[in-house]
Amino acid sequence: MSAATPESSAAAADSASSKRPIGPSLAEPSPPAKVPRSSQPDPCPSPAEARGDAANGGEVAEGSREEMAGAWNPRAQRYLVAVEYIGTRFSGSQQQPNQRTVVGVLEEAFHKFIGQPVSIFCSSRTDAGVHALSNVCHVDVERISKRKPGEVLPPHEPGVVKRAVNHFLQKNEGDIMVTDVCCVAPDFHARYKALERTYHYRLLSGSEPLSVFEKSSAWHIAEDLNVQAMKKACSILVGHHDFSSFRAAGCQANSPMRTLDELTVTEVFPSMFFPSSLERSDMEPLDGPLIYSRTSVVESSGKGSDASNTTSESRCESGGEFGKRLRHRCFVVTARARSFLYHQVRLMVGLLKSVGTGDLTTADVERILNSKTVTAAPPMAPACGLYLANVKYDLSI
């Protein structure tokens, strides 16, 4: 007997379910309510403002399609869908003619699953090359019986939606996956209801050429980085400011005022970290969980968390062992706010990098912020190192 596919599972559910009236939760909704004001000064962007309000540091302006998200079908169930993707082979998240996009691939997968076209609306619009650990979108799905066209069946359970859509996504390039699904009210909007967005940016510092495994996942900085100076620069930018100096041309947001709740620089282990023999012995579990000694690894590479790169005689890579590569230092810049201006995150990272390499000082950071013009800022960081990490909602309302 062959294994059941999402198509056969959905068909079986159709035949086993009987027609039922639409419950109160699927009734004709009223116009979307505004998100309650939080302690943050930034208001939730209106539909008109959101078209140019970069929720990702690298947004592409969208047309009237965004307003179409309000055209609800009272017979449909609205789902909130979290997705992760590698942005390298996507021409951004939003639908574009003759281009492979996140929304386009998701809409195709949903179409194959339910047999009819759908419209996907993302919480945050990302540029080509930008990745997502968790982007969130919403979609309305009207479940029509395949045996009796026109008969509306009870909505699919979220788990069924997740498994079925992933089934079709894996038949694509395999660089996007649904990670979570839940049912939400028919007026819940993935973009306008978002309370907070968090982004990570990966930098790899070191003179060694970047590994082929990392070329599209981080920004390679050949120079050493002064992390303490970068942290001081972060403290200047955190808070409620006019961020016109970090607002790329083409931004359609009504106001450059934003509240940056967090901007930090942290040294972490590279994602492609493989321990040496010395490090493996330090990490061996004595009795139970793995012992992961950050100190031993940092010392074995001859580098401190905030010190400049130095050469260590005990470092095995510098001992001339054939085929071994020097290890890069990996830093993550984290930015958190309710919303961001167009390319704001990448422009801020570009500034932090210049501070880290000594091309700019912390005094220059204040000058650039107060100048209120993007021409005063250094070039923005490339898209390859940017990751949308999390979109926060209050799902209790």
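Any Cβ shown, glycine's included, is placed from N, Cα and C.
A TrEMBL annotation is a machine prediction, not a hand-curated record.
Note that this is a predicted model, so its numbers are computed, not measured.
If you look up TrEMBL, you'll see 1-18 marked as compositional bias 'Low complexity'. The compositional bias 'Polar residues' annotation in TrEMBL covers 297-313. Here TrEMBL flags 82-192, 233-394 as domain 'Pseudouridine synthase I TruA alpha/beta'. Marked as region 'Disordered' by TrEMBL: 1-69, 297-320.
Residues of the domain 'Pseudouridine synthase I TruA alpha/beta' (82-192) grouped by DSSP class, helix first, strand second and coil last, total 28 helix, 29 strand, 54 coil.
Model confidence over the domain 'Pseudouridine synthase I TruA alpha/beta' (233-394) stands at 83, taken as the mean pLDDT rounded to a whole number.
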